[in-house]
């Protein structure tokens, strides 16, 4: 069973109802506390020897990322983070210094993003297991941006560059919190973060929106690292499309708004903003082209799947 199939099965077991207005299947859940106030809720797990090993990654980097991946979910909804709780499962003979270094990394990310670490829980187990749950808030009169808002004719765009995780960018990325909130204020239709790979995440957005997309390979913003470490242009493109953990924002916006958003973006951010395609009518699927020429593309894998 794939991760997507398992999530689909779980979703059938838990129906969404008040006070939850957005439930399973988006970057964060949305709780409506009043007509004016909406709270975002997200959780992420990291497991030793699956998501990281201390032989390759410092405890500080693990702590930083444990919170950063949650912040990226809040950014994808267009929200502002508020508080987090941390669950830690640790081996019996864990070095105290390692735990302190982990906490220092988490604390650094919390300070950088303005998050209050409000509590958590500890237990013992065979290896490190980290669960971070985060809350966020939306600005007054700004709606959370879900994955399901893509409309035929929309421009599909992405922040930053893709493929950088080949050289461990995913251990030092900056969550796009300011960018996500800025885009939400300007009424983008659908948005999510690129965590499992561009193709896989776009596929999720299209399924939620009930529409298709046309993607132009010549426009994909491939990271300099992926280009440098790849043996060919095709290999570099593959990293950008499928590696995942870029933690950039993928969104759709109406075509008539795009030019203004692109121009205003340059006044506020140094991060690149790139149109990579269009939303088109039809059943959820992705059409590929290079410039004006249609191309056939069969990726070895669309992106990361915990159960593949």
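Placement of Cβ uses the backbone N, Cα and C atoms for every residue, glycine included.
What TrEMBL says about a protein is an automatic prediction, not a curated fact.
Annotated Mg(2+) 4 binding site per TrEMBL: 27, 73, in sequence order. Taking the Cβ of residue 27 (Mg(2+) 4 binding site) as centre and 10 Å as the limit, one finds 27 other Cβ atoms among all the protein chains shown. Residue 27 (Mg(2+) 4 binding site) falls within neither a helix nor a strand when secondary structure is assigned with DSSP, and so counts as coil.
If you draw a 10 Å sphere around the CB of residue 193 (Mg(2+) 3 binding site), it holds 26 other CB atoms from the protein chains shown. Residues annotated as Mg(2+) 3 binding site in TrEMBL: 27, 73, 193.
Annotated Mg(2+) 2 binding site per TrEMBL: 44, 73, in sequence order. Under the DSSP three-state reduction, residue 44 (Mg(2+) 2 binding site) is assigned to strand. Other Cβ atoms within 10 Å of the Cβ of residue 44 (Mg(2+) 2 binding site) number 20 in total over all chains.
Annotated Mg(2+) 1 binding site per TrEMBL: 44, 121, in sequence order.
The feature substrate binding site is assigned by TrEMBL to 51, 245, 304. The secondary structure of residue 245 (substrate binding site), as reduced to three states from DSSP, is coil rather than helix or strand.
The Cβ of residue 120 (ATP binding site) has 14 neighbouring Cβ atoms from other residues within 10 Å, across all protein chains displayed. The ATP binding site feature in TrEMBL is assigned to 120, 121, 147, 195.
Cβ contacts within 10 Å of residue 196 (Mg(2+) 5 binding site), excluding its own Cβ and spanning all protein chains shown: 23. Annotation note: residue 196 (Mg(2+) 5 binding site) sits in a coil segment as assigned by DSSP. Taken from TrEMBL, the feature Mg(2+) 5 binding site applies to 196.
Here TrEMBL flags 25-138 as domain 'PurM-like N-terminal'. Regional average pLDDT for the domain 'PurM-like N-terminal' (25-138) in the model is 96.
Under the heading domain 'PurM-like C-terminal', TrEMBL lists 183-283.
Candidate binding-site residues: 27, 44, 51, 147. Nearest to residue 121 (Mg(2+) 1 binding site) by Cα distance: 44. Sorting the binding-site residues 51, 73, 245 by the number of other Cβ atoms within 10 Å puts 73 first. Every protein chain considered, the tally of other Cβ atoms within 10 Å of the Cβ of residue 121 (Mg(2+) 1 binding site) stands at 10.
Counting only residues at least six positions away in the same chain, the Cβ atoms of 25, 26, 27, 190, 191, 192, 204, 205, 208, 209 sit under 8 Å from the Cβ of residue 147 (ATP binding site). In three-state terms derived from DSSP, residue 51 (substrate binding site) belongs to neither a helical nor a strand segment and is classed as coil. Around the Cβ of residue 195 (ATP binding site), the number of neighbouring Cβ atoms within 10 Å comes to 22. Annotation: no binding-site residues among 51, 120, 196, 245 have CA atoms within 10 angstroms of the CA of residue 73 (Mg(2+) 4 binding site).
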